[in-house]
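Participant: Pulled these features from TrEMBL for this protein:
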BINDING   3, 4, 5, 6, 7, 8, 9, 10, 11, 12, 13, 14  NAD(+) binding site
DOMAIN    1-189  domain 'Mannitol dehydrogenase N-terminal'
DOMAIN    203-351  domain 'Mannitol dehydrogenase C-terminal'
Ligand SMILES: NC(=O)C1=CN([C@@H]2O[C@H](COP(=O)(O)OP(=O)(O)OC[C@H]3O[C@@H](n4cnc5c(N)ncnc54)[C@H](O)[C@@H]3O)[C@@H](O)[C@H]2O)C=CC1
Ligand SMILES: O=P(O)(O)OC[C@H]1O[C@](O)(CO)[C@@H](O)[C@@H]1O
């Protein structure tokens, strides 16, 4: 079995590539990082270490790599022969890989036209659907209808904390032991071979919303509030009791939405929150607040981890003040080397915070959630 995986970064190597390899796939990574590509190709394996007490290391084998910059035709040929294509490049990068993926699909249509699953493993609602739209925009009518007959783009939710890596070995990844990969089985081609470790569900929304609005909402809240208080890592931030209780407050707000909307059991959801807060604290990891808060514009967008649950809480007459505080803290996220942080700060300086909130969240100035964000923003400035 053959897999092509776009993005040989933290999640690519530390989670998706690992699981696919353990399931018996030969994994071909595709990346723009030429050094990582060359090393994967040369060694054909790499180590993944679990951030737990005994720090178990597994060797991921039967891997190779191609450059998405210089080897587009080889990548297309690999896609034409693959059983599965996965991505972990970042949702905003999907548009850059759509062309080569379309090329692979065209080639496959002219050849085997065998069933192909394409799964975007990104932190986004409907990631694979977004990728499909980008790929289909590059295909003509005939290729689109051919692709319809053999390719499926099931949406997925992925969860594993993999911080920035700093090792002498550029391929080594240290990951938390926990992982969850949930795939929408209703969008899979009938007769598919399940991947061990993947949880297939016929209705993904409760899973992706529970994950994004708990793990990711909580994590970025800890990062934004932590940055404001001068903490460099999530572990330092989570040692601050006041900050932890503010993060818990946020998760109680999103939890109320999730419980009401999806019927999660209240006690069970409370345990889920406890477990996630414990994962954030993992002393075997060093996770920088600047990484976890990265790309604040994406995180403040209407369909993402802060605005979406706040709007759903507002619509249901539930509380959203703590979410508004996290959004206000996101507006203060001023981190060098993060282009979205720079853009946000430039917008605040040029247009003021109110117009900036409207521009990036889509919330009108007279919306209650917008007002609440502004109240919290002014409070945080004091
Ligand atoms: N790190 C984490 O804890 C988690 C990350 N995610 C999601 O996984 C995705 C990847 O995140 P990370 O692995 O942390 O990021 P990363 O930055 O470590 O990896 C991304 C990789 O994509 C590569 N890339 C960039 N442009 C490319 C292109 N045009 N073609 C091929 N490869 C390209 C980069 O060189 C890099 O190796 C994101 O959507 C993130 O939200 C989801 C769950 C956990
Ligand atoms: O690119 P993003 O959305 O910040 O993704 C990374 C986040 O996803 C998580 O892995 C949660 O699954 C966190 O470690 C991290 O905050």
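The backbone N, Cα and C atoms fix where each Cβ goes, glycine too.
Note that the structure is predicted; figures quoted are calculated from it, not measured.
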Participant: For residue 7 (NAD(+) binding site), just give me the three-state DSSP call.
Facilitator: coil
Participant: Which binding-site residues, if any, among 3, 5, 7, 11 have a Cβ under 6 Å from ligand 1, given in order along the chain?
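Facilitator: What lies within reach of ligand 1, judged by Cβ under 6 Å, is 7, 11.
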Participant: Once near-sequence residues are set aside, which residues in the chain of residue 3 (NAD(+) binding site), 6 or more away, have Cβ atoms under 8 Å from its Cβ?
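Facilitator: When sequence neighbours closer than 6 are ignored, residue 3 (NAD(+) binding site) has 20, 25, 26, 27, 28, 82, 83, 84, 85, 86 within Cβ distance under 8 Å.
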Participant: If you count Cβ atoms within 10 Å of each one, which of the binding-site residues 7, 9 comes out on top?
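Facilitator: Max Cβ neighbours within 10 Å, all protein chains included: 7.
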Participant: Inside 10 Å of the Cβ of residue 5 (NAD(+) binding site), count up the other Cβ atoms and send me the figure.
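Facilitator: Here the count is 29.
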Participant: Is residue 13 (NAD(+) binding site) helix, strand or coil when read with DSSP?
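Facilitator: Where residue 13 (NAD(+) binding site) sits, the three-state DSSP reduction gives helix.
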Participant: Using DSSP, how many residues of the domain 'Mannitol dehydrogenase C-terminal' (203-351) fall into helix, strand and coil, respectively?
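Facilitator: Tallied per class, the domain 'Mannitol dehydrogenase C-terminal' (203-351) gives 108 helix, 2 strand, 39 coil.
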Participant: Give me the long-range Cβ neighbours of residue 13 (NAD(+) binding site): same chain, 6+ apart, Cβ under 8 Å, in sequence order.
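Facilitator: Non-local contacts for residue 13 (NAD(+) binding site): 29, 46, 48, 60, 171, 173.
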Participant: Taking the Cβ of residue 11 (NAD(+) binding site) as reference, which residues of that chain separated by at least 6 in sequence fall under 8 Å from it?
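Facilitator: Counting only residues 6 or more apart in sequence, the Cβ neighbours of residue 11 (NAD(+) binding site) under 8 Å are 88, 121, 158, 160, 162.
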